[in-house]
Structures are given as structure tokens and as C-alpha cells.
């Protein structure tokens, strides 16, 4: 564990002490080295906690998410080079240090075996993200987006803190390995019902459940590209990971806790997909689509079967890669045209033919075309849900139909159609962007060859 966390922390002096000429190259190569080192965690094992220290241990649940978070840090650094070109060097260093500050907190949150440390790192990832959104966002609305993000997360996670302290007074320990033996939550009493509700609600806001999702499109639209990638790839996954951990810990959920969350998640997948069809803003469209994908993850996490858990895991990983790639593509459009409105950026295929290839790939993965891991994950989740209650097939079926339709709508709007008259000269796509897209696509296409790494 430490051989990843310590080099990640040592990225900070690397970013602060590098000469101006080598700032981007040093940080990117160092973080890529850390990412390749972290690939060793995915080796399948039957031990419950590998690398177990007193506070951290790597499970089969957490290792794919850990590798994903290590993998996306260099990609965030590569993606945000262009819009920081004209800033003074000190500001570039501050930007890179905020990006690197998030990383150890995320690693701790995914690998901890102690609930208090999990809560602290879960909340500490909020602060650098808030700095990113409110300082480097594009429009002045970024302040309201930051306030939304802060208050949604804080209001929902204060009950989580109270419940963790209540657990500690009940059982005398907060180690996950100990709590697995005690099964502290007995479902009969009113306090236990309330505490499991509080535990779930904090993660439901983070992962956004439909109805608690209002901070997500705002934050996504206003964030810079690194902030969007970070929100799509880590914040949502923190919520899903918390649901998977905590629900296993508290034993089987009572059915009157099941039903509202499950119906809201599936209905929200349907509703947000239909919102996507009416969307004018490109980044908001991608944000709403990630809400609908995470709805499937929440629904799978609440029914707690083996199938649904492995499906939720695969969907979280593949959604992290896919939506992050879509945000990068939207950002390349935005840097060229300085507009996110779909009507003003249409017909880009004759101008940027290679970018159109990446758009097609990303949209097909978002649509869950075979042979991608998205298809495997969605099929697994749908089979598990159908096995739990055959009525859910209606909702999930309509949701997949709508997903395919809005994805094709986005592809046709951005790539096909007549070229708008105001786009006379446009920059070519450069090698850095192609490298970024390739580093997003390669894991997506290679993971289907050995999907047991992430299930």
C-alpha cells in the first residue's frame, strides 16, 4: 500500500520543484509510473484483504477502483495542459498540486479497513474538488455549482458521521474485519432502521440517486476538464463503493429500505435518459447519462447478490473510463469553438476526421455495444434484477432503449450535419489529444478479454 501512497505524496515536491520547462513532463511520467506499479493489485486472489496493514487493506472490491484512480491521474494532467497554457507558472503548479492532493485521499478512501478513516478521506476529497471547480471553472456560475456540491455532500454526510460514532459505541470497534464478524445492525428496532438509512443516504447523494442528483450536472458543467474527469471517475465511484461496503456490513437490508431506493434508482435511470434527449448542453448531457448509469449500480447494490455486485463493479469501472473519455472529447470541442451548445458545434466530422473516430468509439461504448465491458455489466445487472423481480425488466429495457437513442443523438449532432457558418478556421487535433483518447480506450477494449480482473 505504502509503495503507491508514498510516491503519490512525493509527486507534490516533484510538481513544486520542477523547472518550468519540465513541469508537465515530470508530473505526467511520474504519475504514469505510479499507475503501472498499481497494476499489480489486480492479480486475482482468494484472500479477503491483501497487503493488510492496520488501517488499509486491498480487497477484491476495492482493487479495480484503486487501479482506476491511479490510472486516471496522469490522464487528468495530460488533459488539462491546453487550457493552462497562458497562466503564470505559479498557478500551473497550484493546479497540479490540487490534482495530486486528491489522489492520496481517494486511495485511502478505497483501501481503508477502518470506518472513521474512510469517513475522513471520503470528506477530504471534497475540498480540492471544490477548489478546482470554484477557481478554474469557465463561467461565473461555478460559485453556485460549488455551493451546491458542498452543501449536498455535507448535509448528507453528517448523519453518516453520527451513525459511525453510534456503531462505535455499539460494538467498540470500527475495523471492517471485526465488524464483519459482529453484524451489529439488528433490523428490528427503530434506531437501527434510522442508522442504516443514514448510512445509505450519504452514499446515495454521492452516487447520485435520482432526486438527490441536482449537484451533479451543475458541477460537471462548470468544472474544468480535470474536475469533470475527477467527478465522473471518482466521486460517483466513492458512492457506489460505499453502498457495496456498508450494505454487506449491515447484513440484509429491510425491504422497506430496499424498495424506495431501488425504484428511485431505476425510475431515475429512465428519467435522466429522457432528459438527455432534450439537452442542449453537451457536458450536461454526459453528466445526466452518468446519473442514469449509476442508477443501475445503486439498484444492483441494494439487492445484494453475487451477480449484482460483480455487475455493479464492472459497470463502475467501465463507466469511469467511458464518461471520462466523453468529457475529454467534449473539452476538445470546447477548446476549439468555445461553446458547449450542441447546435453551434455540429458537423465537425469533415474538419476533425480522427476525432470523429474517437467520438464513435466512445459513444458506442457508452451505448453498451458488444464486445465492451459496459454490455457485460448491464446484462449482469439486468439479469440479477430480473431474477429479483421480473417487473424491473420494463424499466431497465426502456432505459437501455433511451440510452442508445440519446447516445446516437449526441453522435449525430456533434459529427454529422451541415457545418455552421461561424466556424471558418479551426485548430487541428494534436497528438496529445489522440494519446489521451487512446489511453482511455485501450483499457476499455482490453478488459473484455479478462473481465474477472474487475468483477
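The backbone N, Cα and C atoms fix where each Cβ goes, and this holds for glycine too.
Please treat TrEMBL annotations as automatic predictions, because they have not gone through curation.
The feature domain 'NADH:ubiquinone oxidoreductase chain 4 N-terminal' is assigned by TrEMBL to 1-108. The domain 'NADH:ubiquinone oxidoreductase chain 4 N-terminal' (1-108): residue composition by secondary structure is 79 helix, 3 strand, 26 coil, according to DSSP.
Annotation comment: TrEMBL describes 113-403 as domain 'NADH:quinone oxidoreductase/Mrp antiporter transmembrane'.
Look at TrEMBL and you will find 1-17 tagged as signal peptide. Through the fold, the signal peptide (1-17) approaches residues 23, 26-27, 30-31, 33-34, 37-38, 51, 53, 56-58, 70, 93, 96-97, 100-101, 103-104, 107-108, 111 of its own chain, all at least 6 residues removed from its boundaries and within a Cβ separation under 8 Å.
Taken from TrEMBL, the feature transmembrane segment covers 145-167 (among others).
Here TrEMBL flags 187-205 (among others) as transmembrane segment. When Cβ-Cβ distances below 8 Å are used as the criterion, the transmembrane segment (187-205) is approached by residues 152-153, 156-157, 159-160, 162-163, 166-167, 212, 238-240, 242-243, 246-247, 250-254, 257, 261, 298 of the same chain, each at least six residues removed from its ends.
Beyond its flanks by at least six residues, the transmembrane segment (225-244) meets 61-62, 65, 68-69, 72, 75-77, 79-80, 83, 95, 99, 102, 106, 109-110, 118, 122, 125, 129, 132-133, 136-137, 200, 202-208, 216, 219, 283, 286-287, 290, 294, 297-298, 301-302, 309, 312-313, 316, 319-321, 323-324, 327-328, 331 of its own chain at Cβ-Cβ distances under 8 Å. What TrEMBL lists as transmembrane segment is 225-244 (among others).
TrEMBL lists 256-277 (among others) with the feature transmembrane segment. Distant neighbours of the transmembrane segment (256-277): 193, 196-197, 200, 204, 209-211, 213, 285, 288-289, 291-293, 295-296, 298-299, 302-303, 385, 392, 395-396, 398-399, 402-403, 405-406, 409-410; these residues of the same chain sit at least 6 beyond its ends, with a Cβ under 8 Å from one of its Cβ atoms.
The transmembrane segment annotation in TrEMBL covers 284-303 (among others).
Residues annotated as transmembrane segment in TrEMBL: 309-329 (among others).
For the transmembrane segment (341-361), same-chain residues at least 6 beyond its ends with a Cβ under 8 Å from one of its own Cβ atoms are 279-282, 285, 325, 329, 332-333, 410-411, 413-420, 422-423, 426, 428-429, 433-434, 437, 441. According to TrEMBL, the feature transmembrane segment maps to 341-361 (among others).
If you look up TrEMBL, you'll see 381-414 (among others) marked as transmembrane segment. Using a Cβ-Cβ cut-off under 8 Å and counting only residues 6 or more beyond its ends in the same chain, the transmembrane segment (381-414) has close neighbours at 266-267, 269-270, 273-274, 276-277, 279, 282, 285, 289, 292, 295-297, 299-300, 303, 305, 307-308, 311-312, 315, 333, 342-343, 345-346, 348, 359-360, 363-364, 366-368.
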### Query
Taking every residue in the domain 'NADH:ubiquinone oxidoreductase chain 4 N-terminal' (1-108), what is their average pLDDT?
87
